Amino acid sequence: MAIKLIAIDMDGTLLLPDHTISPAVKNAIAAARARGVNVVLTTGRPYAGVHNYLKELHMEQPGDYCITYNGALVQKAADGSTVAQTALSYDDYRFLEKLSREVGSHFHALDRTTLYTANRDISYYTVHESFVATIPLVFCEAEKMDPNTQFLKVMMIDEPAILDQAIARIPQEVKEKYTVLKSAPYFLEILDKRVNKGTGVKSLADVLGIKPEEIMAIGDQENDIAMIEYAGVGVAMDNAIPSVKEVANFVTKSNLEDGVAFAIEKYVLN
């Protein structure tokens, strides 16, 4: 069955290590779109961290979408308006912020516009996230946070060895209550239980009237597994972690070797 929707992760997949898109990948995406295929960037980033890439790819037209916050938000690409949203509550935030201190990890939380930290010793990785995602960073003590805030995701962030120790201390019931997954060796993302990239892709596919077997999803990290499993054609990058390769139908080339372009040429353009 012909592919009608391509869901592409950004960091480690679409993007080179310097956060740019290669000419070959741009050309392959443009060629797929010229054939009427929907292409959607599917990322843990907020809209602010996606918008410039949408412009670069000419993917901010009416009928273009993006999936942000690992599936918590499906948005119209042109203006960021909401198509579907599932957020964590203030009570979730307070519980998880306290848990982060108990397990020994730095912590931050994101709503649609802002990255919040209650850590006075702000983590390097929090600053890094603010810079890469181009989202303002605000210090706010947990008890002073507006209880009406809708948190699209919260994150435990730390040096990989410290973070892995913290993850090992998280009670199993917490891992069952929320979606808990790694997006990088130094990022653990925690979302509403109903949220992952797979449910985000499904929400958009339902809007567009596209079946799972008409979808190709491409990724490299643990947070990409759900959409790779959901899609009819699940593609792992050659630089993907082993668990992603295990669930994929195909392993393409690495992001340094235009792996996204190679997969699009194989499954869409041929």
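Placed from the backbone N, Cα and C atoms, the Cβ positions cover glycine too.
What Swiss-Prot records for D9 is active site, nucleophile, and it gives experimental evidence as the kind of evidence. Counting every protein chain shown, 31 other Cβ atoms lie within 10 Å of the Cβ of D9 (active site, nucleophile).
The DSSP secondary structure for D220 (Mg(2+) binding site) is coil. Taken from Swiss-Prot, the feature Mg(2+) binding site covers D9, D11, D220.
Look at Swiss-Prot and you will find M10, T43, G44, K197, N223 tagged as phosphate binding site. M10 (phosphate binding site): 22 other CB atoms within 10 A of its CB, across all protein chains.
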Quiz item: Which whole-number value in Å describes the distance between the Cα atoms of D220 (Mg(2+) binding site) and G44 (phosphate binding site)?
Solution: 13
Practice problem: Work out how many Å separate N223 (phosphate binding site) and D9 (active site, nucleophile) at their Cα atoms, rounded off. | Solution: 9
Exercise. Could you work out which of the binding-site residues (T43, N223) has its C-beta surrounded by the smallest number of other C-beta atoms within 10 A?
Key: N223
Quiz item: In sequence order, which residues at least six apart in the same chain have a CB under 8 Å from the CB of D11 (Mg(2+) binding site)?
Solution: H19, T43, G44, R45, V132, S183, A184, Q221
